[in-house]
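Database features (TrEMBL):
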DOMAIN    86-205  domain 'RelA/SpoT'
């Protein structure tokens, strides 16, 4: 059955992503500075000397992730699924920190909830199953050997209350609060166009401020 074959491919890719995450994170943090991303909040690293040090560490992580992951050939059956990988741009990650600082009580939110998609993967399948079914299948699969930090069905709505985005989101952190989470999105092919449009609209509407401007303002206060 084609659907079962697609799900087998999802299981295999989830295991491969989880193994990549563990290997890369352990290797990277043999020499890099560690932060407890569950207890450290955005407000702790978005200003002053701590902010500068963290931003430099963040940019190093992104650069190393790009150098390590982008060249790796990930084998998958293109007849069953479509698969994509991207590493977040440094400016986008830094702007996201300041967006969360502005919209979450001056940054009272754990870093692992803000920077949970520095590395992102997307699987697109043709399926008649619901997203809840896909999520449940993943949660109950005995063939998935890697731990997931979180998995849920994400739904976004437009200003008129209509569903504009839907997909399964899963996160990997290899059971370690010092490792930046990676994100996996699973979409159905019928939702690809509307989901892409929703992403574009979201980026256009989000009001970011630059790190340089923000740091300058913080410095003036101190």
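Cβ from N, Cα, C; glycine included.
The model shown is predicted, which means the values in this text are computed figures rather than measured ones.
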The domain 'RelA/SpoT' (86-205): DSSP-derived helix, strand, coil residue counts: 45 helix, 35 strand, 40 coil
Overall pLDDT for the domain 'RelA/SpoT' (86-205), taken as the rounded mean: 94
